[in-house]
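I grabbed these lines from TrEMBL:
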type	residues	note
DOMAIN	A:292-459	domain 'Helicase ATP-binding'
BINDING	A:Cys522, A:Cys525, A:Cys562, A:Cys565	Zn(2+) 1 binding site
BINDING	A:Cys531, A:Cys534, A:Cys549, A:Cys552	Zn(2+) 2 binding site
DOMAIN	A:557-711	domain 'Helicase C-terminal'
Amino acid sequence: MKTYFVDVILPLAIGKTYTYRIPKQFNDSIAVGKRVVVQFGKTKIYSAIIHNVHEKAPERYEAKYILDVLDEKIIVKAEQLALWEWIADYYLCQLGEVMQAALPSALKLASETKIIAADLDTIDRNELNEKEYLILDALEISPEIKVSDIIKLLGQKTVLPILKGLLDKGVIRISEEIAERYKPKKKAFVSLNPVYEDQEAKRELFESLNRAPKQLDAVMTYIHFKRSQEKISKAELLEKSGCGSSALTALVNKEVFNIQEEVVSRISENSDEFLKEVILSEAQQKAFDEIKEGFINKEIALLYGVTASGKTEIYIKLIHEVVDEGKCALYLLPEIALTTQIIERLRFHFGSKIGVYHSRLSENERAEVWKKVLDGEIQIVLGARSSVFLPFCDLGLVIVDEEHEVSYKQFDPAPRYQARDTAIFLGYLHQAKVLLGSATPSIESYYNAKAGKYTLVALNQRYGTAQLPVIEIVSLKSDVKQKAANPYFTPTLIKNIEETLAKKEQVILFQNRRGHTPILLCATCGYSPKCIHCDVSLTYHKSSGQMHCHYCGFREDLIHVCPACGSTHLQNKGFGTQRIEEELGYLLPDAKMARLDLDSTRSKYSFEKILADFDEHRYDILIGTQMVAKGLDFGKVSLIGIINADSLINYPDFRAFERSFSMLSQVSGRAGRRDIQGKVIIQAYATGHRILEQVVNHDYETMFLTEVTERKSYGYPPFYRLIKIEVKHKDNLRVVDCANRLAIQLRQQFGERVLGPEEPLIGRIRNYYINTLLLKMERATVSISKVKEVLRNTLESYHTDKLNKGSFLHVDVDPY
DNA sequence: AGCACGCCGACT
DNA sequence: GTCGGCGTGCTC
Ligand SMILES: [Zn+2]
Ligand SMILES: [Zn+2]
């Protein structure tokens, strides 16, 4: 019999795989992509993924045995492992970090592992030592015990060798719940005994029940609802008939009703299996045909469709085709755009074939979607960023809607991946077609399309008769007197709001989130409370009455006296949207207003609720941040006001102009529906800025051309690749030393392509000082794989240099 | 990531 | 003199 070894991936930021030995009894159950339970270090137990199987015994050390195999079927497919490796390689991070991001944590396991007794009767207790005895005793009292509880029980940290001994003796087992930590939800359904389908039998039943009115009610209710629905659950029947469970039990005992338990998905859904036909308009059909034609020669297409042009119908039709061929489809959306509306719409077409995957799901729900995709029960996934990691088989189509959205990029922690780009690679792995969609494509995607890498399909007709809104730029500079009276609203905007409300139409006001967080400010000396661990101002949270740091979670009670000058004139500036709401309250006391921002949408369904209420005209004015650009078409909005466009445009980032354009265009797109032509008022100081002009003219093309020219001359994407390196150190002087040393080393390889080091906007986070380096590599002439290789080597030697002790690096490839 | 081993300050 | 602080290195 052979002795096998496996190299496993651990869910840790470690750069290598570890080799474990396979006990003979597991020889037949191991396979690449299955999870195994391993002990790593003295005390830790992890579930690891088998990366490869071999027979080479390690020479320099003795491999530990795996403790268990968790899966009967593989849980991570070969394509997924290939994707993980690509991500680790491209984004310069560890495989374990990718694993962490990819696997739902219900499928991972740490020392929260539970053990159960295997067979208490056959154990010869005399063979056990005192500690083993203690564990057995505990297991007799409670059937499941966590490893961490055993540590407490024995009062010692190294319990795994003992447990391992017990495992080997066959006394204990690792609880299945690790493997199946998520449990399918069961639901009881009621059905009528088929003998009563006969009219005569039914009549007799009614007569026999006339002295049991509750039971008769239950039967009648059942028959009534059975006409319109396929299945009736026990709970539903009890509720609708108004009778208690005793009546139902009596009927079950009489064998009138039958109750069976069925596994139902945790994810609420209507099991509507009918696939509905999509009817496309002429323009949509033309775009659809162009996409299909493009897919013959190119794997990737970009659908550039203006707001409300009906891109979704095209997506649905494409998905239909793929599903009919028996393949899977992935429909990616930014988290914030993944609303109930879009989910319902897709459910309507695809019923239970569709699965939804996003960060608001519970861990069990995520694991359930994972398994269903694995088993092929779910063919279509509608999901946010992390759904690129799901175990698809035979993927035929990947759609990335709102392709330009920044939220496709994960910034922290590693893997710092771009889900749109990852989706493109995923498509390549599965030989699937990829469709990117946007009303304002990112410069890089549009450039790729223009350069012929992607098929470009334009859809520039708004659906139905909806017209483009009229956009007006209003200067914030003009009225000095007026401004003193109120800093947010120009008379023009106020006048327009009043007119709109008089027509019984609705208004949306947009305020940029950035730079409008609620900080405390001393009116006398300008002091504002800072975090003690980070170089940022604390933000005030009304709910807790405390000031919080967003970077490290530090909290402090609200202060009432300025620690710098002793003044008591401390102003709480509040959220930007809050202040606007207040100001507007004075100006228009009768208007009903709602806020849509981080603060007002903290609770679970509040986002949906606010939008629904607004849609039903319970509010006249909606004041919101970036969020109002999302959500589907709602309300009877005919006026949109941008409070201050400068804060968007002046943001210090090479993509600020591009983002401002897409933000302002998207928000503007919310104005006007069907019969009403919308109006947009943009307030700004820099009224002559080219971006504003381009927004007014709905001129994406010119925006694109000017951006491309600028990026080419200043060395930014799509012409250059960017790699950001953050050097961190507890000491503010040594961080500069380390960064400089690294810069010199990198310059030996890359010359002037290395920029910096410089201190970033926030110079210290969690007590670590930060310096950043930026690498700019010409995309056309520099081989990225060579760059990465050199970089990997340089970074490795950085860590071995004694001078760099105490510092560490964060690498971010494509940091935008 | 977590844990142990090891080297320097303040406290019985 | 020791207790404990965290900085450093290893885990198959
Ligand atoms: Zn002050
Ligand atoms: Zn902080």
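Here the Cβ of each residue, glycine as well, is placed from N, Cα and C on the backbone.
All TrEMBL annotations are machine predictions without curation.
For each listed feature, how buried is it and what is near it?
Here the domain 'Helicase ATP-binding' (A:292-459) has a mean pLDDT of 94 out of 100.
The secondary structure of A:Cys562 (Zn(2+) 1 binding site), as reduced to three states from DSSP, is coil rather than helix or strand. For A:Cys562 (Zn(2+) 1 binding site), the same-chain residues lying six or more positions away in sequence with a CB closer than 8 A to its CB are A:Cys522, A:Thr524, A:Cys525, A:Tyr527, A:Thr568, A:His569, A:Leu570.
Cβ neighbour count for A:Cys534 (Zn(2+) 2 binding site) (all protein chains, 10 Å cutoff from its Cβ): 20.
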With the Zn(2+) 1 site defined by A:Cys522, A:Cys525, A:Cys562, A:Cys565, which remaining residues of that chain have Cβ atoms positioned within 8 Å of the Cβ centroid?
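Same chain, not in A:Cys522, A:Cys525, A:Cys562, A:Cys565, Cβ within 8 Å: A:Ala523, A:Thr524, A:Gly526, A:Tyr527, A:Pro563, A:Ala564, A:Gly566, A:Ser567, A:His569, A:Leu570.
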Quick check: which same-chain residues outside A:Cys531, A:Cys534, A:Cys549, A:Cys552 lie with their CB within 8 A of the centre of the Zn(2+) 2 site CB atoms?
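Output for this site, in sequence order: A:Ile532, A:His533, A:Val536, A:Leu538, A:His550, A:Tyr551, A:Gly553, A:Phe554, A:Ile765, A:Arg766.
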State the Cα to Cα distance, in Å, between A:Cys565 (Zn(2+) 1 binding site) and A:Cys549 (Zn(2+) 2 binding site), rounded to an integer.
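So the alpha carbons of A:Cys565 (Zn(2+) 1 binding site) and A:Cys549 (Zn(2+) 2 binding site) sit roughly 23 Å from each other.
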Is A:Cys522 (Zn(2+) 1 binding site) helix, strand or coil when read with DSSP?
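A:Cys522 (Zn(2+) 1 binding site) sits in a strand per DSSP.
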Let me check the 10 A CB neighbour count of A:Cys552 (Zn(2+) 2 binding site). How many other CB atoms are there?
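Cβ-Cβ neighbours of A:Cys552 (Zn(2+) 2 binding site) within 10 Å number 15.
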Where the criterion is a Cβ under 6 Å from an atom of ligand 1, which of the binding-site residues A:Cys525, A:Cys534, A:Cys552, A:Cys562, A:Cys565 meet it?
A:Cys525, A:Cys562, A:Cys565
For ligand 2, pick out the binding-site residues A:Cys525, A:Cys534, A:Cys549, A:Cys552 that have a CB under 6 angstroms away from one of its atoms.
A:Cys534, A:Cys549, A:Cys552
To which of the binding-site residues A:Cys522, A:Cys531 does the lowest count of other Cβ atoms within 10 Å belong?
A:Cys522
Near the Cβ of A:Cys525 (Zn(2+) 1 binding site), how many other Cβ atoms are there if near means within 10 Å?
13
Please list residues from the chain of A:Cys549 (Zn(2+) 2 binding site) whose Cβ is under 8 angstroms from its Cβ, counting only those at least six apart in sequence.
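Counting only residues 6 or more apart in sequence, the Cβ neighbours of A:Cys549 (Zn(2+) 2 binding site) under 8 Å are A:Cys531, A:His533, A:Cys534, A:Val536, A:Leu538, A:Thr539, A:Arg555.
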